[in-house]
Every structure is written in C-alpha cells, then in structure tokens.
Amino acid sequence: MIIIITGTPGSGKSTIVDLLSKKLGFEKLHVSSFLIQNKAFSEYDELRQSYVIDEEKAFQLIDSFIKDKNVVIETIYPSLISHADKVIVLRKDPRVLYTELKRRGWGELKIAENVMAEILGVISGEAKEYFGNICEINVTNKKPEEVVEQILSNNCDNVDWLNIEEIQDLLISLDKVISSYEDSISDE
C-alpha cells in the first residue's frame, strides 16, 4: 500500500508521515532528502534557496524504492510518484503558514511563493489532476495525532482559502512581493 502525504512546506508533512508510518508499521520516504542524498537534482536555485529536481531521475529512484512495499511518502512533488492507494493533502491556513515559514528564517520570495501556492491550492490541484481522488485535511490548530486519526478515518475536509477576505488581501500583497523579484530579475 502506498500512501502519499503532500502539502506546502510548513504544513506538517514530515511529522504526520513519521507518526502514520509508525502507527501502520509502514516504511517511510521523505522525498526531498531522499532525492538530495541520491543527487537527483540538476542545479541549485540560489534565489529560491532550493534544489531543482531532475524529474526523470527522481521518478525512477522513487519508483524503485517503493516497489512492493507498504510505504508512507512525504513529498511536495506528488507527480513524481507513479501510483498511490491514498493521497492526503495537508492544508494550513495561509496566515498561520506565513508565520511558520518566517519563523524558519526563509527568504521573502520563498515564503511568498509557498504561501501563495497554499492559498491557490496548487499542490492540491496537482495531486487531484494526477491521481484523481484525494483527501484534503485542514491541519490548522490540530495536534499531529488528531490529523493521523482523521487520515485513518478518511474524514476529509473541503478547503477553499479564497472565500476569506483577509486571505484575499494577503494574496494581493504576496503577488506584489513576487512581482518585485520578477521585475528585479528582468532588469538584470
């Protein structure tokens, strides 16, 4: 059985994967660190402070690792996994997520892009497009153990941050941050 746990950075994926894999007795795979260890990247993006994944190599490595295993996979790249029995998308209130990423010391552009992705449901949309049936869980203000129980009971949420006016305002300010970086790059 393959269970994918995905969501924007800061949504709690690693913690949930650790708890869920232990509870089920499954192996776990933290995709980003696995790909870095196996040098499945093409370059390092200084501006975004992250590796650019070599998707073909990554897909092959992951497919080989998960073959014939019961595994819980933590990833922000759901399309790198060939198949899954269950896909869980962790969603977190963008205002809370913004604070969490800032606390981690992330750069302004990286925070803006990731919080905007959460508001717009980018990872959720990608997972839905790739796998069809997904389960979104709003993890905001929930203990990790509560989230694991919600996953096991298949109790999904319907998350739409764009219905909240304050979040619409946040989206506009994030867009300005991203645009200012894009403008500075095009000026070079």
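Any Cβ shown, glycine's included, is placed from N, Cα and C.
Range annotated as region 'LID' by Swiss-Prot, chosen from 92-102, 103-113, 125-135: 103-113. Within LYS67, LYS69, LYS142, the residue that Swiss-Prot lists together with GLY10, GLY12, LYS13, SER14, THR15, ARG104 for binding ATP is LYS142. Non-local neighbours of the region 'NMP' (30-53) in the same chain are 14, 17, 61-62, 65, 73-77, 80, 106-107, 109-110, 113, 181, 185; each lies 6+ residues outside the stretch with a CB under 8 Å from one of its CB atoms. Mean pLDDT, taken over the region 'NMP' (30-53), works out to 86 on the 0 to 100 scale.
Taking the binding-site residues LYS13, ARG104, LYS142 in turn and counting surrounding C-beta atoms within 10 angstroms, the largest count is reached at LYS13.
Taken residue by residue with DSSP, THR15 (ATP binding site) is part of a helix.
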